[in-house]
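See structure below.
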Amino acid sequence: MSPHKISDNHRHLMLSRFMMGNGVSIINMPFSGGQPKDGAELAPEMVEKAGLVDDLEHLGYDVKLIQNPEFKSRPSKEGPNQALMKNPLYVSNVTRQVRDAVQRELEQQRVVVNIGGDHSLAIGTVEGVQAVYDDACVLWIDAHADINTPESSPSKNLHGCPLSFSLGYAEPLPEEFAWTKRVIEERRLAFIGLRDLDPMERAFLRERNIAAYTMHHVDKYGIGRVVEMAMEHINPGKRRPVHLSFDVDACDPIVAPATGTRVPGGLTFREAMYICEAVAESGTLVAVDVMEVNPLLGNEEEAKTTVDLARSIVRTSLGQTLL
């Protein structure tokens, strides 16, 4: 049996205290413009076809599926800051639509499941959540901090920059992103799984005293204690809504082989699931992102393994339990 296969005995609906009912909106985000490798835009359809809607209906949710095929369409020409960052107008156009879609579904009291796509999409998901829940905290699960500014980014790929927009570090804003704004403070952000940082990211994390738990901390304290520390830091007393943003490259390449920026020494499958279980048990989840699945960066079995991991992240975050 696949380690990600759902069992009929593992049903549990986990409602958020911030929602009125059992609605879940899956927003497919077929987009790979924030980085140079084709394939991430294929992930939402593959995750859907693998059975994500059935998974969540099986848990007892009222599921709404939102397709966004237009996200694959690039603008006819790029913006004025193409030399500063790659595909700025394309990323801006899509993430602005993402913001609006996330906000719209949350306003209807539905938990939002965002399936990417590359992690630049979080420029929109974070701002969309904050538009409805302006005290929401962000638990960022990733091998990378994604906190570079366009100026500090060595690669100029915007999937490494989303949090610099959310935190206001990208100011003065490039013309293409004039619509963005600082929406979170450092005290409402925590990282788990970090193991590959650029110099400026390391400086930001240290100087701004951001809660950043690397794989060293996971090894030293265990995932249970790390999650406890992270959640207590960003959400003391469980009073705030939680936005879980999960880049599958946080997991070890054995667990998530089909992704674009693999780094050895990542989370095990069980460690990843424990994070999701803890968020579900808190009763505070309002949105979950699953990003950077790239089916083209592996053989058929590796693509399936990574797609099934994405499904497991969503199911477990929304309450699937063993007992």
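Cβ coordinates are placed from backbone N, Cα and C, and glycine is handled just like the others.
Keep in mind that what you see is a predicted model, and the values were worked out from it rather than measured.
According to Swiss-Prot, the protein has these features:
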- H119, D142, D146, D247: Mn(2+) 1 binding site (BINDING)
- D142, H144, D247, D249: Mn(2+) 2 binding site (BINDING)
- H144, A145, D146, I147, N148, S155, K156, N157, D198, T261, E292: substrate binding site (BINDING)
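Distribution of Swiss-Prot features across the structure.
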residue: H119; record: Mn(2+) 1 binding site; contacts (Cβ under 8 Å, 6+ apart): G34, D142, D146, H159, G160, P162, S245, D247, D289, M291, E292
residue: H144; record: Mn(2+) 2 binding site; contacts (Cβ under 8 Å, 6+ apart): G160, L194, D196, L197, E201, D247, D249, T261, V263
residue: N148; record: substrate binding site; contacts (Cβ under 8 Å, 6+ apart): P154, G160, C161, S164, D198, M200, E201
residue: K156; record: substrate binding site; contacts (Cβ under 8 Å, 6+ apart): L84, M85, K86, P150
Per-residue Cβ crowding (10 Å cut-off), top of binding-site residues D142, D146, D198, D249, E292: E292
Neighbour count (Cβ, 10 Å) for D247 (Mn(2+) 1 binding site): 27
Secondary structure at D247 (Mn(2+) 1 binding site), reduced by DSSP to three states: strand
Conformational class of H119 (Mn(2+) 1 binding site) under the three-state DSSP mapping: helix
